[in-house]
Amino acid sequence: MALPPNFMPLFRASLIGLGLGCSALALAASAQDAPEAETQAQETQGQAAARAAAADLAAGQDDEPRILEAPAPDARRVYVNDPAHFAAVTQQFVIDGEAGRVIGMIDGGFLPNPVVADDGSFIAHASTVFSRIARGERTDYVEVFDPVTLLPTADIELPDAPRFLVGTYPWMTSLTPDGKTLLFYQFSPAPAVGVVDLEGKAFKRMLDVPDCYHIFPTAPDTFFMHCRDGSLAKVAFGTEGTPEITHTEVFHPEDEFLINHPAYSQKAGRLVWPTYTGKIHQIDLSSGDAKFLPAVEALTEAERADGWRPGGWQQVAYHRALDRIYLLVDQRDEWRHKTASRLLVVLDAKTGERLAKFEMGHEIDSINVSQDEKPLLYALSTGDKTLYIHDAESGEELRSVNQLGHGPQVITTADMG
């Protein structure tokens, strides 16, 4: 359900339904007594919306709730997934990155994995619910949403509860480039990839795969996975039969650890995958085969010796048109690679040249970039429950969106640039 820009109808409905008219009047009176500048400096966005709604109630204005539609999606729409620290019921916030405001929310179950079509035409997630909220019979499902009404257009149950419930890992659930098929990962009882026909609104089958992880689609019937031996597996599948699986060369040794959340541009066919030390592997998958590009170093030898390492949850982002890599870094002890970072480096993906190093001003866990000509850099602080929106060229913080649930972790954008 789409929300109005300032949430006023929802506040009005809540206040009326709970019989809090007197409280609303008192809130309005209190707000009027306080100096405007002081009130605005101290209150959150939610408090400001409540104050405005209470003032409208006191004036007898428009006290009927309304259901609004969100604006049509554009390249600057951003989705923030809040798994709420492994809660059974979760939310995804739909945000207008240009205006810096929440325009809607989508409910999910336990550890949903969101995806969005490159043209912005739909949002989907693979999710899990239980018959008694946090316990009982488990049901896995895929849900598809309209990007304007934010109402579900498909609800597809997955047989035998096959989803891999380990965390909100991007690229454990993926869309094929044509947006017609959703692929999801199964870990137990054996590695497999599930195939869901979004057009037909039906689960199709499970594909047996090697002991490999992540799903990087390159065609409607082909995807790559990363394997334990340091190679990529290419998986070609049809409507039936055994998938055809081939392996690439080993591109990194087993003791050179890659972060859990790489960046992948389907339109460019570019996979960007940093190591724990800041070495960045790049693989060109645009031809349908894997071409390994020269690795680049995000950090200097002196910085690495001084304890600088990548860190965060969603640590790396890639801008297709500019061919730039964005990576969160900070000084940290070894094995602290999932802790938040205070700085970000920008690299030319082709040459490895460092173009910028930004002080983010906050402890940042996850990043992403809009794919338009003058991109926005999205920086999410799980601790602050806030999305900070920066100019990706200068690093300047432009605006922020706060009160994003309990523990927001993952930023998803559409490549509409």
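Glycine too: its Cβ is placed from the backbone N, Cα and C atoms.
Here Swiss-Prot flags 1-28 as signal peptide, drawing on sequence analysis.
Per Swiss-Prot, the feature disulfide bond maps to CYS212-CYS227. Within 10 Å of the Cβ of CYS212 (disulfide bond) there are 21 other Cβ atoms, across all protein chains.
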*Cβ packing number for CYS227 (disulfide bond), 10 Å threshold*: 19
*What does DSSP assign CYS227 (disulfide bond), in three states?*
strand
